[in-house]
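Participant: Below are the features I grabbed from Swiss-Prot:
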| type | residues | note |
| --- | --- | --- |
| BINDING | Ser29, Asp96, Val182 | K(+) 1 binding site |
| BINDING | Gly152, Ala153, Trp154, Lys178, Pro179, Ser180, Glu181, Ser231, Val232, Lys233, Thr234, Gly254, Cys286, Glu383 | NAD(+) binding site |
| ACT_SITE | Lys164 | active site, charge relay system |
| BINDING | Ile246, Lys453, Gly456 | K(+) 2 binding site |
| ACT_SITE | Glu252 | active site, proton acceptor |
| ACT_SITE | Cys286 | active site, nucleophile |
| MOD_RES | Cys286 | cysteine sulfenic acid (-SOH) |
| ACT_SITE | Glu460 | active site, charge relay system |
Amino acid sequence: MATPLCQPAASHFIDGTFIEDRTGPEILSVNPVDGEIIAKLHGATSCIIEKAIASAKRAQKEWARKEPAERGRVLSRAADIMRARNRELSVLETRDTGKPISETLVADAASGADCLEYFGAIAATLSGDSIQFGEDWVYTRREPLGVCLGIGAWNYPIQIAAWKAAPALACGNAMIFKPSEVTPLSALKLAEILTEAGLPPGVFNIVQGAGDVGAELATHPAIAKVSLTGSVKTGARVASAAMAGIRPVTMELGGKSALIVFDDADVEAAVSGAILGNFYSAGQICSNGTRVFLQRGIREAFLARLLARVAALKIGDPMDEETDIGPLVSAAHRNRVATYVARAEVEGAYQMAPPRKLPPGDAWHEPVVFTNVTDWMTLAREEVFGPVMAVLDFDDEQDVVARANATDFGLAAGIFTRDLVRAHRLAAELEAGTVWINAYNLTPAGMAFGGIKRSGIGRENGRVAIDHYTQLKSVFVSMQT
């Protein structure tokens, strides 16, 4: 039998080397374009999990003792290697996820490299405080947590792995990372790159598997902290398991974000933001602004330009750099999205975008724009995670803020207006962890990212991420003797 196109050396990466255990359940990595099996792996058994834990515990202490600047240099070298191999990594990500190569070349490994570089630079600046109390004084030490667990999602596999690994390793922790079983491949490449950059064996380990593997890891007494990117349902389950052992968690979960367009907005910029916030990665982005609120005075011009640009989006082979929209990650996920579309029509929403001819295969879905959407419709309340935009009308500022906040989610929001006083006023009033003004879905490594309400706990990226991967120790020094 021929070796699958993207077959890794083995399923797991532990203690600086690839490890296989074929007794674990089979995991098939499938190219969603045509259903081709591109890799066959095996989920972790309890034996594999214990090997990863033992390796990480052993390596973490020595890694933490290294000078922070030395840890930073390893991360910086890894960033350089990732950039040098950006095309190779992007091709792998496109085959595993179905996302267009035009996206993966600029937004996946590249973003991961930026994060490694950012935290590589921060590592040498980690410090505590000194406080005087008369002649006595207190100083604080910022210490690593120990062995951290990262659990990834299938939409940005290598980016998420790097976003979790970079701050953890910069602070002197070890990390065990479990990729999504749907897209298991690129995290293994990150582990190889970190090792090549000089990361000691065991500091970053990869174990494969489904939710049962994540649950076993999250409840393991050796795990000091859990960071997960995924659905609200999965996040609640993992957070509950972690908190049973009094472990801190960082959760980046789902969203139903509002993108608000005022009458005075630049139409072209607002349409660009809405397209980016609904159809990039075929809509499979947690922070997408899928509730597009249009003030009535701009509605007609906005929709006319939007529909013209949506009609021009190229759907096709994701390896073609001219392609704008590829398949969804799987046929099963495509069917889930189609169910939401059908339900929206039953509930009275009107589909504006004309039907498109789709390539052969079971994972494709055309971009959809719904108008006549009301706040009570399922489409306006639940996360679809596909190329489906809901357009809602509004009259005034107070009305739209109240409606934008009327959701269990709080990941992100966008505001398009020329009135920056109004924009800053709304940014303060909107219940969201991230607000973009006259832009959307831009996430530089130096910007903290995360949600409130049911969209998550804690933040990824930015200097604040250091707080989530360290613990403070206070040392009181008496000068009375």
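Keep in mind that glycine also has a Cβ here, set from the backbone N, Cα and C atoms.
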Participant: If I restrict to non-local contacts, at least six residues apart, and a C-beta distance under 8 angstroms, what lies near Trp154 (NAD(+) binding site) in its own chain?
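Facilitator: The list for Trp154 (NAD(+) binding site) reads Thr97, Ser180, Val182, Thr183, Val329, given in order along the sequence.
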Participant: For the recorded K(+) 1 site formed by Ser29, Asp96, Val182, name the remaining residues of the chain with Cβ within 8 Å of the site's Cβ center, in chain order.
Facilitator: Val30, Ile38, Ala39, Thr97, Trp154, Pro157, Ser180, Glu181, Thr183, Pro184, Leu185, Val329
Participant: Can you tell which of the binding-site residues (Val182, Val232, Ile246, Cys286) has the fewest other C-beta atoms within 10 angstroms of its C-beta?
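Facilitator: Per-residue Cβ counts within 10 Å for the binding-site residues Val182, Val232, Ile246, Cys286 bottom out at Ile246.
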Participant: When neighbour density is defined as the number of other C-beta atoms within 10 angstroms of a residue's C-beta, which of the recorded positions Lys164, Lys453 has the lowest density?
Facilitator: Lys453
Participant: Considering only the recorded positions Ser29, Asp96, Lys164, Ile246, Lys453, Glu460, which fall within 10 Å of Gly152 (NAD(+) binding site) when distances are taken between Cα atoms?
Facilitator: Lys164
Participant: Run through the Cβ atoms and count how many others sit within 10 Å of the one on Gly152 (NAD(+) binding site).
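Facilitator: Summing over all protein chains shown, Gly152 (NAD(+) binding site) has 27 other Cβ atoms within 10 Å.
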Participant: What Cα-Cα separation, expressed in whole Å, is found between Ile246 (K(+) 2 binding site) and Ser29 (K(+) 1 binding site)?
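Facilitator: Cα-Cα distance, Ile246 (K(+) 2 binding site) to Ser29 (K(+) 1 binding site): 35 Å.
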Participant: Could you measure between Glu460 (active site, charge relay system) and Lys453 (K(+) 2 binding site) for me? Cα positions, answer in whole angstrom.
Facilitator: 16
Participant: Minimum Cβ neighbour count within 10 Å among the recorded positions Asp96, Glu181, Glu460: which residue?
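Facilitator: Each of the recorded positions Asp96, Glu181, Glu460 was scored; lowest Cβ tally within 10 Å is Glu181.
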Participant: If you compare CA-to-CA distances from Glu252 (active site, proton acceptor) to each of the binding-site residues Asp96, Pro179, Glu181, Cys286, Lys453, which comes out shortest?
Facilitator: Cys286
Participant: If you measure from the CA of Val232 (NAD(+) binding site) out to 10 Å, which recorded positions from the list Ser29, Asp96, Lys164, Gly456 are inside that radius?
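Facilitator: Near Val232 (NAD(+) binding site), where near means Cα within 10 Å, the recorded positions are Gly456.
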Participant: I'm trying to understand the geometry here, so how far is the Cα atom of Pro179 (NAD(+) binding site) from the Cα atom of Lys453 (K(+) 2 binding site), in Å to the nearest whole number?
Facilitator: 25
Participant: Write down the Cα-Cα distance for Gly456 (K(+) 2 binding site) and Thr234 (NAD(+) binding site), rounded and given in Å.
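Facilitator: Just about 11 Å between their Cα atoms.
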Participant: Let me know how many other Cβ atoms fall within 10 Å of the Cβ of Ser29 (K(+) 1 binding site).
Facilitator: 25
